[in-house]
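Taking it in order: structure first as structure tokens, then the write-up.
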Amino acid sequence: MSRRNGAPTTPDAAKSLPPATDLSQDKQKRLLASDAGHFSLVRALHMADFITELNGFCGVMSVFSSLRYCVGDDPHDFSNLYLALGFIPLGLFFDFMDGKVARWRRKASLMGQELDSLADLISFGVAPAAAAFSLGLRTPLDHLLLAFFVLCGLTRLARFNVTVALLPKDASGKSKYFEGTPIPTSLALASVMAFWLWNGWVLEDVPLGVWAKGGVLECHPVVGLWVLHGCLMVSKTVRIPKP
């Protein structure tokens, strides 16, 4: 979750600052507010924004790959599952690159920040949950707990957008730490699933089996990994130093 926020540090500081002189942001605002002009939205996007879109593309393709496995005829053909898991680290690559390009070109915007959060939610929230469903976490309680994981990611990203301007900064202006684990750390869950897939531990062979089979609380205990990760993302006390 790269930092792409050009907002002032505090509301009081914002009042004391002179009018913005970032011509790139002014141009973007004019294009977004314009009532006329074909493709004005596309023309308003910066290079970093297009890279962020590639992050979102990877997340969507990961979800589609998971769905293709579910509707496939051969449950032992794991090619689509490998694709689903492979798109997640590819999305992380674009997530890193958009921030680097924004700083290199000195073009950061609130729209870029919002795009970044939405793309992260798809690639590192919805996509890992869809892959987990495809691998075999398919009971009703599994569904609720996977949804909890996604909602924790959603809440964590919203908190980041609201509080990033208030966090302590280093000399370069970057936040010193993350509150809660960043949502891209769900790549660890993708790695675990890739290990299961490599060993054929899917569907009926998911590690640790099923608890309360046939009951209302039937679930796979490994779904607790997603619950734990969700709790770490929204934690206020867990602080991860930024590299």
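Each Cβ is built from the backbone N, Cα and C atoms, and glycine gets one as well.
Summarising the annotation, TrEMBL assigns region 'Disordered' to 1-21.
Marked as transmembrane segment by TrEMBL: 81-97 (among others).
TrEMBL lists 118-137 (among others) with the feature transmembrane segment. With a threshold of 8 Å between CB atoms, the same-chain residues lying at least 6 positions outside the transmembrane segment (118-137) that come near it are 1, 52-53, 55-56, 58-60, 62-63, 66-67, 69-70, 81, 84-85, 87-88, 91-92, 95, 143, 146-147, 149-150, 153-154, 157, 183-187, 189-190, 193, 196-197, 202-206, 219-220, 222-223, 226.
Taken from TrEMBL, the feature transmembrane segment covers 143-168 (among others).
Among the features that TrEMBL reports, transmembrane segment is placed at 180-198 (among others). Outside the transmembrane segment (180-198), and at least 6 residues removed from its termini, the chain residues within Cβ reach (under 8 Å) are 1, 78, 81-82, 85, 88-89, 92, 95, 120-121, 123-125, 128, 131-132, 135, 153, 156-157, 159, 206-207, 225-226, 229, 232-236, 238, 240.
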